[in-house]
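Features reported for this protein in Swiss-Prot:
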REPEAT    462-495  repeat 'ANK 1'
REPEAT    499-528  repeat 'ANK 2'
REPEAT    601-630  repeat 'ANK 5'
REPEAT    634-663  repeat 'ANK 6'
REPEAT    667-697  repeat 'ANK 7'
REPEAT    702-732  repeat 'ANK 8'
REPEAT    736-765  repeat 'ANK 9'
REPEAT    769-798  repeat 'ANK 10'
REPEAT    802-831  repeat 'ANK 11'
REPEAT    935-965  repeat 'ANK 15'
REPEAT    1000-1029  repeat 'ANK 17'
REPEAT    1080-1109  repeat 'ANK 18'
REGION    1230-1254  region 'Disordered'
COMPBIAS  1230-1249  compositional bias 'Polar residues'
Amino acid sequence: ACSSPEVSIFHFFVYAGSFVKNFKKMKGSSAISKREMSRADQCKLLAYTAVGYETVGNVAADIASIEGANLVAAPVAAGGHLGKGLTDAAMIAMDCSSIPFEEIKEILNKEFKEMGRKLDKNTEALEHVSKLVSKTLSTVEKIRVEMREGFKLVIETIENIATKEIVFDINKIVQYFNNERENINSRQKEEFVAKLQEPAPGNFLLYLRNSRTSESGTLYSLLFRIIDQELAIPNNAGDNNAIQALYALFYGTETFISIMFYLVKQYSYLAEYHYQKGNLEEFNTNFDHMKIVFQDFKFSLIGINQNTKPLVDEVLNVLNNVKNKSFIRNVQNKLFYDLMKQTESLLELKKEIANMELPIIDETPRLSISISFKERSDDKPVDTPLLKWDKGKEVKYAIQFEQDGKFSKISSWSKPVTVQHLACPFISVDKDRRNRLIFRQFGDQIPELVGTLRGSQVEFRDIHRDLYNAAQVPYAREALSISRTLIQNGANVSETFELGRGAIHAAASAGNYDVGELLLNKDINLLEKADKNGYTPLHIAADSNKNDFVMFLIGNNADVNVRTKSDLFTPLHLAARRDLTDVTQTLIDITEIDLNAQDKSGFTPLHLSISSTSETAAILIRNTNAVINIKSKVGLTPLHLATLQNNLSVSKLLAGKGAYLNDGDANGMTPLHYAAMTGNLEMVDFLLNQQYININAATKEKKWTPLHLAILFKKNDVAERLLSDENLNIRLETNGGINPLHLASATGNKQLVIELLAKNADVTRLTSKGFSALHLGIIGKNEEIPFFLVEKGANVNDKTNSGVTPLHFAAGLGKANIFRLLLSRGADIKAEDINSQMPIHEAVSNGHLEIVRILIEKDPSLMNVKNIRNEYPFYLAVEKRYKDIFDYFVSKDANVNEVDHNGNTLLHLFSSTGELEVVQFLMQNGANFRLKNNERKTFFDLAIENGRLNIVAFAVEKNKVNLQAAHRGKTILYHAICDSAKYDKIEIVKYFIEKLNESECNPLHEAAAYAHLDLVKYFVQERGINPAEFNEENQASPFCITIHGAPCGYSLDCDTPDRLEVVEYLSDKIPDINGKCDVQENTPITVAIFANKVSILNYLVGIGADPNQQVDGDPPLYIAARQGRFEIVRCLIEVHKVDINTRNKERFTALHAAARNDFMDVVKYLVRQGADVNAKGIDDLRPIDIAGEKAKAYLQSSRFLRSGHSFQSNEIDSFGNTIHGISMSARTNDKLTQQISSKGTRSDSNSTEGKMHSENVHVRSIDVNGALLLLDFMIRVFASKKTNFAPYGSRIKTRSAAEAQAEALIMTERFENLLSGLIGDPIPDSIDFSNVHSKIYKAIMSGRRSVISEMLCSFAEEYSKLNHESIKQLLSEFETLTTTKASEIHIEESVPYAPFEICELKVNSNVSQIK
């Protein structure tokens, strides 16, 4: 069943929906048949997520201390997965076991083997290295696990030929690394080491070390091929090929980092392994390997200086390059967004690696050892033979540095010395700030640590290790005799060696309590002496089953509850775990013993004692008061463990002692749950016979009952036993609404279905996702169940939440008999799911001709029904290349050349999506490849437009297109090359130019016009095209074309960051930035002006282009004004300081040019900026003389033109600013004064537009003082605030009467124009402008300028009558006055009418609209 259903039916039952969606985007529009994925892949995708792995890993650590942990861990991990995972009835029906039991067991076995290989902690000379590397490796592997599915997707869908080859090679390396690593990790310690040390050339570690070299085919070289060839830089938002390459680059880089830390970890392990074995030469060799690998890979990853190309930096540069692409926000590729989430992790790894140093001492000790057997007066000689000290045997020594837990390599051995009649020589070494560890070796025997010199110590006697060795001699008398001799000759009973263990620990391990007594007599503190892991002599004796030594230590008042460091074991934990009954009995007889002490996982000695054959458990249950219901950290009680280990006798003892039968663990799993899951019928029977057992107990989150689990795990005998119990509730549901009938139907258990229905199970009940038992029975393997369910009243038209009916499933799965049954019971053949998918779509998509025939014969109109993606049955048959269904549809008059509303045939559609196999299928079956759509495009055109190189190459190479045929006024080849450049399809461009050696059009011009940087670089760098060249045929240079952009482009405004990037790139290749770049002799500057490219113009000037260089006698400013390029004009004047009155060869200014063409925004701007409105060009023509209608009206309305001349010099106002353009006569002309002072006087212009233009001009004529006063007035009106101009008072110069008169005139005129522009003709008689002028004049002369605002308020009564539009106009005027945007004016919410109250105006309903 799993091998055939189509994705669209199930949507992977919601869980895989997003994966399918993105998979389809990667492949194109084709549907995905489930037959394309293996069952294992489907099940993994649906069920086994990272949640499961995390659960398993945690359980392995928690359970590891239990004897028989492998029996317990898998069910507990499965229970955790059930509690957190994505189990669903539909998944179960597909026979994708919702709990991947075998995978869980496999992972657990690896975890336990890893623990079994773990070397004795704290013997580790490289312990800190191991911790550091393991932590980073774990981080990297987590990222790789998260990215693994995405990388598989890339492998399956990648199309680009160049990228595909590289990615496949990367995949080979990745797969070999993953597989061989798993192979090695699955082995026990000795085999593991042997595998790591295989001789060359098959040595795995050597192979991995080679991956950082630049040799062809290595991982490092492959990653740099992607980088150097820029395969990971997308050209547009739809460039999936580049996104795939980017993903492969990132995943490959993470693998490269993983390889680095894996190598360091394994060389560290090997070094430590040999250190503990005493193979010091091998330790040194692997120490060097570890160090060199770390340094080499670190250099490759992050470099050491600016001259290197470190991999991580290069990858981050690529990522940043991609992120900065302007189109990147339009990318719809899930892989890309997944990748962006991981970018931060790569940055963190880079920092971590950069700051990382191996915690080692990178210095090998210089051998400087003196060995002396000479007798000394203050030390007694020790005669040979003694232990290893035999006459004639050679002995030698070596040194190792240690400081703060860091270790060095070991020095070379000293020259061997032959032992004579004395043992235990004196050893002298050089002084050093670091500790010096001294090793000795007799002949070819294993070296051993004999002492440590600390600080200023330079000498010691090699006798202490001999005491340690003597304490563990198996013969008690001999051990005691030698130990006594050594102690008498100066051996230190407190000296420690490997693991921090001394002679007392050795005696405990061997059970030599006489030696123990001798040692304690010398130093009673040895009684509680702990080694580096916290093991005391009592721990060691208990774990070694040395009961006599245990009793000896207890007799000396040893602490029986002492705990180890990390595991928190007491001696009783160790004895119980190993089922050591005598030691256990000795310990529990002690009054002070803590029977319920919990280790780091929360297990008590009772927990650890329970195994399949434990006798200790019975002792602890019967003979002690141990708490029997105590829980571990994961909530396991002793009864849970007894159930999981199938220990019925202990279970009975626990139940008899009052164990809580219904206690759940952390996930709510009771002992009965575990018994049902594991199929332990005898245990289930025992538990069900207990008085208070809860057969309906549910887990915490998912609410699984024991019956659910028995059915789910197909433990049929257990399920039937549970069904026989009268207390069972068969209608209980999980939190997903799954009841036992759903599970029985899904798993194909007909007998259970029959029994459940006999007990009145509800056949119509739906799960929370809308699945009925009938749905699940159809999906399942047993085809008898649907017939039985239908007979019992199942609804044949039930819909899942996704709208899928049983008929959909039967059609998609090809179950014709069930399909006929459903039809006979009234199933709706036109039922649609949420994607408008009908059963006919499912049948076609999955290749079930028999069902297709049934449906079409029943209703021929089904031939034309479309789903939400506009796919109709014939389309799907073509897409899936099902020849039998295709032929059937053709026999029913389906037309392979039928067109849609856009004129596209199936060949067009599948060419667009790059489905080469489908295109081939269509052509083999009569598709006409010459047909054109409504845009006159063939399948070949669409393949080019969408970058489908595979279709293009097929069409060319199979002669499906005549490249020399006429097409749109040129040849097909011409348009093919130009269009591929236009649409930024670099691979297709390269195909034509490199493979076919064709270059009929000039593709660089197209690439430049559309600002495709990568294509431009390709033509300039690889093809050697000169970007500055132009001629009669190519009338503009590529550089010029880049600046200007496509004639119409994709938008009218092509001034984008992409285009500027291309300009920046090409500007370095241009010999003269001020040179001509087209046949009309334009410069780059003038081209930027014609194209209205402000940012490009700014860039060009910034790199040396001359903003004043004339073209055919016209300066750039004149050209910009002539073209109406307002922003260009403004930029030239304000940013690049071009003279506003610069003239062309006919002495015309920019104002002439703008006025002639009625470009009013430019005209107004130039006037405001002080352009000479009376400038005369050829024939004494002023701007007004050649102006268009609008410009002429505007210029006429300006009172600057009322006198025959303008200022000969500029006046300096009271703030030191120049007042431009004020007519001298305007300040002294009495006639004008009379005119302005007369009541109701209007502007000369009858045009409202003229009035507004005029007053816009005047605002530039008021000096700063006047502008500030008007601003004060406006602020009062609009914000209920008064601007304080006091700071400026001291700088106001005294005015002459003429000056004050002129200023008052200007301000009065300004106020008049403001009002007339706002409220229109006539201005009420109540406003006397001569009076206004008089008061302003007096205020100026008196120096009391602050009263002007109050005075203006008194004349503003008419403002209270403004309507909404007038208010908007007023705001606009205020913007002109102050450069403050009207939208920025804030009106206090609490005082909306305050502005009007200040001027004591009438308030009406319109006033609130000011907001």
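Placed from the backbone N, Cα and C atoms, the Cβ positions cover glycine too.
Small disclaimer: the values here were computed from a predicted structure and weren't measured.
Residue counts for the repeat 'ANK 1' (462-495) under DSSP, helix first, then strand, then coil, are 21 helix, 0 strand, 13 coil. Within its own chain, the repeat 'ANK 2' (499-528) is flanked in space by residues 120, 122-123, 467-474, 476, 479-480, 483-484, 487, 493, 535-538, 540-541, 544, 546, 548-549, 552-553, 556-559, 562, which lie at least six positions past its ends and keep a Cβ under 8 Å from the stretch. If you look at the repeat 'ANK 8' (702-732), the same-chain residues 6 or more away from its ends with a CB under 8 A from one of its CBs are 82-83, 87, 92, 98-99, 101, 670, 672-673, 675-681, 684-685, 688, 695-696, 738-741, 743-744, 747, 749, 751-752, 755-756, 759-762, 765. With helix defined as DSSP H, G or I and strand as E or B, the repeat 'ANK 2' (499-528) counts 25 helix, 1 strand, 4 coil. Secondary structure counts, DSSP: the repeat 'ANK 5' (601-630) has 13 helix, 0 strand, 17 coil. If one looks beyond the repeat 'ANK 1' (462-495) by at least 6 residues along the same chain, the residues whose Cβ comes under 8 Å of a Cβ in the stretch are 379-382, 386-389, 423-427, 438, 440, 448-451, 501-504, 506-507, 509-510, 512, 514-515, 518-519, 522-523, 525-526, 529.
Note: the repeat 'ANK 15' (935-965) comprises 16 helix, 0 strand, 15 coil (DSSP; helix = H, G, I, strand = E, B). Helix first, then strand, then coil: DSSP counts for the repeat 'ANK 7' (667-697) stand at 16 helix, 0 strand, 15 coil.
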